[in-house]
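Q: Got a structure here, written out as structure tokens. Questions coming.
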């Protein structure tokens, strides 16, 4: 096979073709991505605005939301632009940058989820010692460590992947540049690189995943000793939902980066990649945050404050202008939001 000039562009074949069924799936993916961006942005806003959420737990949640927003923004806009325009090329520099940013965020999230599980372990198993065992200094160190380790892995894999000579077939059967898919196009022996990448995956995936399982096992052991049936039910529900999201994220990553090639195909890789690049970022704010009564309370206060300010503005305008008629629609909307949020908070509490 001829060696392909590394200054030429790659061609991303994408996730969808131009049939009606795939067009519907494309719109659905865009809807999920937009919902994920809105949900995570709202989560960051609420944590920033409400002083009661200025704790290590919610700081870690805000970092998770930030990573998810950046992950969506790294992949979906390019994928959508390629599908709509029909131009599916990407330069080697752009491909390397996408690999670097993607692995920085995905790798950082692996460690961040482990830090969050440790936070929950301390909160449940050692609540009186929480300020000592989960101090702000430790929280910031774990957060910075997550970003740094993710960036180190991303830089190493992006540089190593693009250092290979590539063959004539420069079509990437994927919807974004991912190291395992790109390595398949290399016209060189990639055994050493794949072995090193496997070791990195053990450190980036299996070690944090094992720590998460240990943390939640210890949490469940404490939960089983609770006398209150409702408390046990609520704790089991929370832990199971957290582990579901963690399982989807780590399971998809392990399949893509550590699974044997003989059991994988390009279509399977693309479908699995959708889980941890598009689907999981939507679940994170729902599972970790929106089911939380404190977050719901912060959302309620934020909405009330915004609507109250608008009511004051309208009242001021009406006072200055006697001919202006009062618009009750905003007041009705305020009452509707207030009642709805109170009912939703009541439902969560009764669960």
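Keep in mind that glycine also has a Cβ here, set from the backbone N, Cα and C atoms.
Copying in the features that TrEMBL gives for the protein in this structure:
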type	residues	note
DOMAIN	39-288	domain 'G-protein coupled receptors family 1 profile'
TRANSMEM	23-46	transmembrane segment
TRANSMEM	58-76	transmembrane segment
TRANSMEM	96-118	transmembrane segment
TRANSMEM	130-149	transmembrane segment
TRANSMEM	195-223	transmembrane segment
TRANSMEM	235-259	transmembrane segment
TRANSMEM	271-290	transmembrane segment
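Walk me through the surroundings of each of these features.
A: The average pLDDT the prediction assigns to the domain 'G-protein coupled receptors family 1 profile' (39-288) is 88.
If one looks beyond the transmembrane segment (96-118) by at least 6 residues along the same chain, the residues whose Cβ comes under 8 Å of a Cβ in the stretch are 57, 60-61, 63-64, 67-68, 70-71, 74-75, 78, 90, 134, 139, 142-143, 145-147, 149-151, 153-155, 157-159, 161-162, 176-179, 182, 204-205, 208-209, 211-212, 215-216, 242, 246, 249-250, 253, 276-277, 288.
Long-range neighbours of the transmembrane segment (130-149) within the same chain, counting only residues 6 or more positions beyond its ends whose Cβ lies under 8 Å from a Cβ of the stretch, are 56, 59-60, 63, 104, 107-112, 115, 118-119, 122-123, 204.
Beyond the transmembrane segment (195-223), the same-chain residues lying 6 or more positions past its ends with a Cβ under 8 Å from any Cβ of the stretch are 107, 110-111, 113-114, 117-118, 120-121, 124-125, 149, 153, 156-157, 160, 179-180, 231-232, 235-236, 239, 242-243, 246, 250, 253-254, 257-258.
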Q: Excluding the flanking five residues on each side, which residues at least 6 beyond the ends of the transmembrane segment (235-259) place their CB within less than 8 Å of a CB in that stretch?
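A: Distant Cβ neighbours of the transmembrane segment (235-259) are 106, 109-110, 113, 117, 120, 124, 178, 180, 197-198, 201-202, 205-206, 208-209, 212, 216, 219-220, 223, 226, 269, 272-273, 275-276, 279-280, 283-284, 287-288, 291, 351.
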Q: Excluding the flanking five residues on each side, which residues at least 6 beyond the ends of the transmembrane segment (58-76) place their CB within less than 8 Å of a CB in that stretch?
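A: Counting only partners 6 or more residues beyond its ends, the transmembrane segment (58-76) has Cβ contacts under 8 Å with 29-30, 33, 36-37, 40-41, 43-44, 47-48, 98, 101-102, 105-106, 108-109, 112-113, 115-116, 119, 139, 142-143, 146, 175-176, 277-278, 280-281, 284-285, 288-289.
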